[in-house]
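J.: My questions will all concern the structure given below.
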Amino acid sequence: MSDRLAPIGIFDSGVGGLTVARAIIDQLPDEDIVYVGDTGNGPYGPLTIPQIRAHSLAIGDDLVSRGVKALVIACNTASSACLRDARERYSPVPVVEVILPAVRRAVAATRNGRIGVIGTQATIASGAYQDAFAAARDTEVFTVACPRFVDFVERGVTSGRQVLGLAEGYLEPLQLAEVDTLVLGCTHYPMLSGLIQLAMGDNVTLVSSAEETAKDLLRVLTELDLLRPHPDDPSVTAVRRFEATGDPEAFTALAARFLGPTLDGVRPVRRHAGAGR
């Protein structure tokens with residue numbers, strides 16, 4: 001029973017993982033969560049794989065040491081860099097990631113088998129999505145790195161002609177490839193979904209991993225009998241803690257736009273320099 005009452009740990013390089021946190025809150029409203037946005041070290045996209053792995057595992061170490069019952073890597077770049085290491089390192093704590101849920105949804109959604117994937121430089125270069133799609137029959141995958149998208153989202157700029165022009169430039173190869181399904185391979189990108197849809201056209205289905213990741217987490221917690229019991233006392237509500245390794249005020253201003261009243265302040269935490277074990 002004590003494990004059932006433990007919180008769920010979630011982390012991302014910044015605010016992008018809040019799209020995953022929002023879906024988890026919606027689907028698992030009774031669960032306590034601890035979210036860490038690594039704004040002091042992020043964005044992760046331009047970093048090397050060893051740097052991404054070190055930052056990610058340092059945060060994972062911290063969350064697991066605090067007794068989380070599950071760890072959600074709410075970042076495509078981190079998932080592509082350290083998923084295998086994290087699962088070995090933190091076993092028996094289950095680790096849920098964002099790539100496979102998005103792949104499954106895209107395969108189910110496509111009509112012509114031509115699927116686009118956009119992500120950070122590190123995610124696209126890792127080949128993680130290409131590998132994940134390899135088992136899918138009758139699909140052709142086209143990838144494009146969109147490195148500047150994260151910078152705009154982290155600055156709170158999610159609309160305007162400048163961002164639309166950037167999106168049109170990035171996405172032109174995918175339009176020429178006639179993809180009918182586009183995976184938003186970074187948890188920041190759903191915050192630009194309106195612009196991305198406008199650039200791609202209404203006939204293209206956008207796939208975000210947030211809701212599918214929350215479903216995966218629900219499945220894992222159910223299988224391991226780790227779901228938190230619904231409280232008998234209606235005054236007992238879930239505890240949701242949000243932390244940032246960078247400026248907590250800047251993080252709060254951005255996060256409040258996506259979480260609203262769910263967000264009750266952001267705690268500053270020390271910057272994680274790297275994994276030690």
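Any Cβ shown, glycine's included, is placed from N, Cα and C.
Relevant sequence annotations retrieved from Swiss-Prot are reproduced here:
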type     : residues                                 : note
ACT_SITE : C75                                      : active site, proton donor/acceptor
ACT_SITE : C186                                     : active site, proton donor/acceptor
BINDING  : D12, S13, Y44, G45, N76, T77, T187, H188 : substrate binding site
J.: Restricting to the chain of Y44 (substrate binding site) and a gap of 6 or more, list residues whose Cβ falls under 8 Å of its Cβ, or answer none.
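T.: Those within reach of Y44 (substrate binding site), by Cβ under 8 Å and sequence separation of 6 or more, are S13, D38, Q51, I52, H55, S56, C75, T77, A78, A81, T120, A122.
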J.: Of the residues named as substrate binders, D12, S13, Y44, G45, N76, T77, T187, H188, how far apart in Å are the Cα atoms of the most distant pair?
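T.: Greatest Cα-Cα span of the listed binding residues: 12 Å.
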J.: Can you give me the residues near the recorded substrate site, meaning same chain, not D12, S13, Y44, G45, N76, T77, T187, H188 themselves, Cβ no more than 8 Å from the center of the site's Cβ atoms?
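T.: Here the non-site neighbours turn out to be G14, G16, G17, G42, P43, C75, A78, T120, T123, V150, C186.
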J.: Going by DSSP, give the three-state secondary structure for T187 (substrate binding site).
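T.: For T187 (substrate binding site) - judged by DSSP and reduced to three states - the answer is coil.
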J.: If you compare CA-to-CA distances from C186 (active site, proton donor/acceptor) to each of the binding-site residues D12, G45, N76, which comes out shortest?
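T.: Nearest listed residue in space: N76.
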J.: Work out the three-state DSSP category of T77 (substrate binding site).
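T.: Once the DSSP labels are grouped into three classes, T77 (substrate binding site) ends up as helix.
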